[in-house]
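K.L.:
What follows is a structure written as structure tokens; I'll ask about it next.
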Amino acid sequence: MELVTLLFYPVYLLVTFSFTLIFIPKKDYKEYFIYGFLLGAFGDVLIVSLFQNVLHIMWFKNMGLFAAWGQNFLSPASWLTTVMLFLYFFPKKKLFRYPYIFTFSCASVGYGLLVRNANLFDFRSWLYPYVSLFVFFLWWSCITWIFLKTSSFFNSERKV
């Protein structure tokens, strides 16, 4: 197994986890972690289960010791930290929200292609980039809607 295949997820997770510790204040960390866990990690497990196990349009490979229930164990953890950062830096001004969501959707497509290039993931040729862009836009939009409707950061004065 190539070094990039072995280290891709651990390095990504280490970097994004470090960023959460650097940027997200300790007093707010728990709430962002809960959103990251429910909407990122659990969301990843649900989406991967649907796309991999039910629809068979994507699949993980070369998971090595990170294999768990047919998925890469570090993928949900990576989505957890990514969602935490997405929500922490979410724009207060409505004008910037859709471009922000679209940018994260494009970055998610790019991330999927990187994971594929690292030989950890593959998919049907028609899935990327357009269908996946729509799926990621829908996912990030749902995350945003749930966060805006339920978070104390947007239901009261946002803590900065």
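Including glycine, each Cβ sits where the backbone N, Cα and C put it.
Predicted automatically and left uncurated, TrEMBL annotations should be read as such.
Copying in the features that TrEMBL gives for the protein in this structure:
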type     : residues : note
TRANSMEM : 6-25     : transmembrane segment
TRANSMEM : 32-53    : transmembrane segment
TRANSMEM : 73-91    : transmembrane segment
TRANSMEM : 98-115   : transmembrane segment
TRANSMEM : 127-148  : transmembrane segment
K.L.:
Is the transmembrane segment (98-115) close to the transmembrane segment (32-53), in the sense of at least 3 CB pairs under 8 angstroms with a sequence gap of 6 or more?
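P.N.:
When sequence-distant Cβ pairs are counted, the transmembrane segment (98-115) does not touch the transmembrane segment (32-53), since fewer than 3 lie under 8 Å.
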K.L.:
Do any residues of this chain, six or more beyond the ends of the transmembrane segment (73-91), have a C-beta under 8 angstroms from a C-beta of it, and if so which?
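P.N.:
Sequence-remote neighbours of the transmembrane segment (73-91) are 9-10, 12-13, 16-17, 19-20, 23-24, 28, 32-33, 35-37, 39-45, 48, 60, 63, 66-67, 97, 100, 104, 140, 143-144, 147, 151.
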K.L.:
List, by number or range, the same-chain residues at least 6 past the transmembrane segment (127-148) whose CB is under 8 A from its CB atoms?
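P.N.:
Same-chain contacts beyond the ends: 35, 39-40, 43, 47, 57-58, 83, 86-87, 90, 97, 101-102, 104-106, 108-109, 112-113, 116, 154.
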